[in-house]
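Going by TrEMBL, these are the annotated features:
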BINDING   B:T63, B:P64, B:A65, B:G66, B:E67, B:G68, B:K69, B:T70  ATP binding site
2 protein chains.
Amino acid sequence: MPTDIEIARQATLKPITEVAAKAGVPDEALIPYGKYKAKVDRDALPPASAPGKLILVTAINPTPAGEGKTTTSVGLSDALHRIGKKTLLCLREPSLGPCFGVKGGGAGGGKSQVMPMDEINLHFTGDFHAITSAHNLLSAMIDNHIYWGNSLEIDLRRVTWRRVLDMNDRALRQIVGPLGGVSNGFPRETGFDITVASEIMAILCLASDLDDLQKRLGDIIIGYRRDKSPVFCRDIKADPAMTVLLKDAIQPNLVQTLENNPAFLHGGPFANIAHGCNSVIATKTALVMADYVVTEAGFGADLGAEKFMDIKCRMAGLKPDAIVLVATVRSLKMNGGVPKSELTNGENVEAVRAGAVNLKRHIENVKKFGITPTIAINHFYLDTDAEIAVIKEMAEEFGAEAVICKHWADGGAGAEELAHIVAAKADAGAPDFAPLYPDDMPLADKIETVCREIYRAGSVTISSAVRKQLKQWEEMGYGKFPVCMAKTQYSFSTDPTKLGAPEDHEVTIREVRLSAGAGFVVAIAGDIMTMPGLPKVPSAEAIHLDENGQIEGLF
Amino acid sequence: MPTDIEIARQATLKPITEVAAKAGVPDEALIPYGKYKAKVDRDALPPASAPGKLILVTAINPTPAGEGKTTTSVGLSDALHRIGKKTLLCLREPSLGPCFGVKGGGAGGGKSQVMPMDEINLHFTGDFHAITSAHNLLSAMIDNHIYWGNSLEIDLRRVTWRRVLDMNDRALRQIVGPLGGVSNGFPRETGFDITVASEIMAILCLASDLDDLQKRLGDIIIGYRRDKSPVFCRDIKADPAMTVLLKDAIQPNLVQTLENNPAFLHGGPFANIAHGCNSVIATKTALVMADYVVTEAGFGADLGAEKFMDIKCRMAGLKPDAIVLVATVRSLKMNGGVPKSELTNGENVEAVRAGAVNLKRHIENVKKFGITPTIAINHFYLDTDAEIAVIKEMAEEFGAEAVICKHWADGGAGAEELAHIVAAKADAGAPDFAPLYPDDMPLADKIETVCREIYRAGSVTISSAVRKQLKQWEEMGYGKFPVCMAKTQYSFSTDPTKLGAPEDHEVTIREVRLSAGAGFVVAIAGDIMTMPGLPKVPSAEAIHLDENGQIEGLF
């Protein structure tokens, strides 16, 4: 079977100008970055027509290999093009750092990929570098302010703004500096996160335009005074210069699928301490340019779809017209109790049937937002007809339609049935769509609502210290913010080994963090890692240019 | 008088495709980055014709405001175009970090600028971001190697490879990390430099192609074992992946002057701990595409021109065919004893005459390389005819020709006389060109030669510890390396207040550093700063987008 990179190298890319023309982007709005990437100048686009239909692709709880949300998004988009629908795909940009760790690639797979995958996975159009620069400019200006007299009276122990690099570098997680005496500044404890964990990434992805971006950057809380009053980015006077650094990064990036259909790849916030969706700007730009917009949200539907609707849609005034829930035989087997090492050991209909409780739970959850999802069975060559049949049967039993999709092997042609069904559903729309909770519910209740309604927790433990913190933020005017849950993606519970459809479990909120610029309160219910490390043998050791100058080892 | 940014905004830029056509870059070799920037794919260029003539622009010892080397390079290049000469300009790329400190702009001035200045001064084509990523990948892989067992037995106290950011951030100069216990690694002292100080910047600018780049990256010494034996980048297995990160950065960047003439801006190493010239690749590419190539070297001729010839030309097999030495009335007055605050207080012919000893010394020095420089008097509107006349008279007395240049006010038209003279000199060539010292001179003698011949030191103090270190490097095979001097740019001596033409002064070599990948030994004779700080009121506070989305405050 050919690898992703082999398939990608056999593909013929079209010049980005041709892809742009297909997407309806006029030449004067196209800002090329090399021959196959471009940014789109939104100010130079033709006047908007009626907005298109928004289709969200989400998934059941995945195996560690992932269940193919991106691949299915690409396949569905290509299939919609094949059946004559004017479509735009909106995905996240992958992060550079992790490519040097375990594996690269956030660009789909098989015959459903976005291209050029090497450039997308490396520097791309420089968006993440711009975020790194903007983030670290603020960091430098904070320490510089303290150095020159600290007239804002920032408490050195309470500086919450750290630094970022787009690199898996565990040695930077926790540092002490500046050392070296008077000329370097006042020592304090601090550290680095990976760039995708920066609040600026979340801000860039939620901002509606440059003005809103600057306003949100100004709203960032960089730390606190001794009396615990907050100090804002705008007190440091960094927000306008940060906006200048981000003025190109805010424009959506245009690339193409293997079938030469247009795709926006823009933004890539963490799906735990942030909301895990591509940018609002890309989605909204796509909606005025195409009749159908296919997008995805990170992790399983319990995290990704919930955040898509409760954070992104709520803030941006968006609503999904149809939802696709990706399931695989492999993930259902795992949710049905089969150990990871035995997932490819042949047919196991009973395990699939047992694991379908996970599928059922996700269907129920998505329905709580007023939409019945369509189940996309992302086909793997080892799947048997009997296993597929049981998924279809179970989906129907749970009130949803399931379609087998072979876009990995066959590209858009393998997802045409899905495309027909989803287009019809999107055309019908989702008049009953509503987020899970209203804006004016107290923050603690919002957390509890997600835990009970989506995770099916029997009890939710929020310590009095955390409750006090939430209360304080409500008094400061942050009570209308949605909550952004950080927990494992492998289970509805906070225990990654509790597969299937656990219920009546306990969720403990260990910590809450305020992302005042992004506009949400992060509730942490599990270990979260904001600066990954490299493994013993990092994939970087294998990444190289071959004798033809082609990149090997990145994928 | 209009400001640089006002002049720049009145200019009409041509699409980079038109600029490329003028430079002889065919479409298939053009990799656009937006509408007005591009990289040039050297593999897609037409076969080389006879190489052009190389013209170096250097300067006398400058005032803190600089004497206009870049502006003169731009003006001369535009003037050569005006008199019908096929010319390419080769400059360095400016660094992002310092733009947020005191002033931005490494893009010329007045009517002699390269464009688009805002993009050039911000992320440009991402070269410096790529260098930051490659540098920090190696850093992460070093700590990761130590974390997983340190089989190379790197001495934690002797890791010399630090991290970099393209940001003025004094708080990162000296840090301790990783803290936080077992999962983060082994604490040690380290720190960050600014990206332009990275050895990778020097390597990128001296490499002849991708293979040479990877070889040089592999040659980097990242630290030492307890027995003081060196550990190389290639022992960490980082060099191939670093090369992948730099594969686009190695291609020259094409932009245009205000008069729409082509310019390569590529690479920007420090002029103290590195050699301060644009890339060898850009210069060599320009030489096969144009009949005349105008380039510059950082700081005054005592540092910049010496390094250009002894490091860049020596390594790359280049030689200058003509040299332009920029002088200003202002700098001669300062070298003649006028305090900084009084430099614009009206005519002072005697001070100019007194300061001409500095000009004389530079002329003598340049002649030691076998070339008589042409003096470009970079005209300032306060200069009087009598002041200009005395410079011309003195230059002639010292055996050189001086030409008044008004390219700041008039663009290329203001430098036509210079262009005619320099083109004629370049056509005649420099058959007597030779570097200052041979490859096989011992390292300590090379240092002493530069100090005595160029700086005119009466004594050169090299401690026995430093001599032992140099000896050791010679035994390790680094004896053929040229030396790269790090000292103040304001004086021939190591004391920035000793203006004019000091002699018989003492130079003390405090420290030597080996840049085994770049291929030189740095000899430090003064304070050098590899991570600048921000001032009390950083220019970042004034940088913003105006109501039309134009950048204000950057220049």
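The backbone N, Cα and C atoms fix where each Cβ goes, glycine too.
Caution: TrEMBL annotation is automatic and unverified by curators.
As the structure is a computational prediction, the values presented were derived from the model and not from experiment.
Close to B:T63 (ATP binding site) in the fold, though at least 6 residues off in sequence, lie B:T328, B:R330, B:S331, B:M334, B:K340, B:L343, each with a CB less than 8 Å from its CB. In sequence order, B:K340, B:Y490 are the residues near B:P64 (ATP binding site), counting only same-chain partners six or more apart with C-beta under 8 A. Around the Cβ of B:E67 (ATP binding site), the same chain contributes B:A59, B:I60, B:V326, B:A327, B:T328, B:R330, B:S331, B:N378, each under 8 angstroms and 6 or more positions distant in sequence. Each residue in B:A59, B:P62, B:T328, B:S331 lies on the same chain as B:T63, B:P64, B:A65, B:G66, B:E67, B:G68, B:K69, B:T70 and has a C-beta within 8 Å of the C-beta centroid of that ATP site, without being one of the site residues.
Residue density at B:G66 (ATP binding site): 18 other Cβ atoms are found within 10 A of its Cβ, drawing on all protein chains shown. Here the Cβ of B:K69 (ATP binding site) has 27 other Cβ atoms within 10 Å, regardless of which shown protein chain they belong to. Taking Cβ-Cβ distances under 8 Å and a sequence separation of 6 or more, the neighbours of B:G68 (ATP binding site) in its chain are B:A59, B:G109, B:V326, B:T328, B:N378, B:W408.
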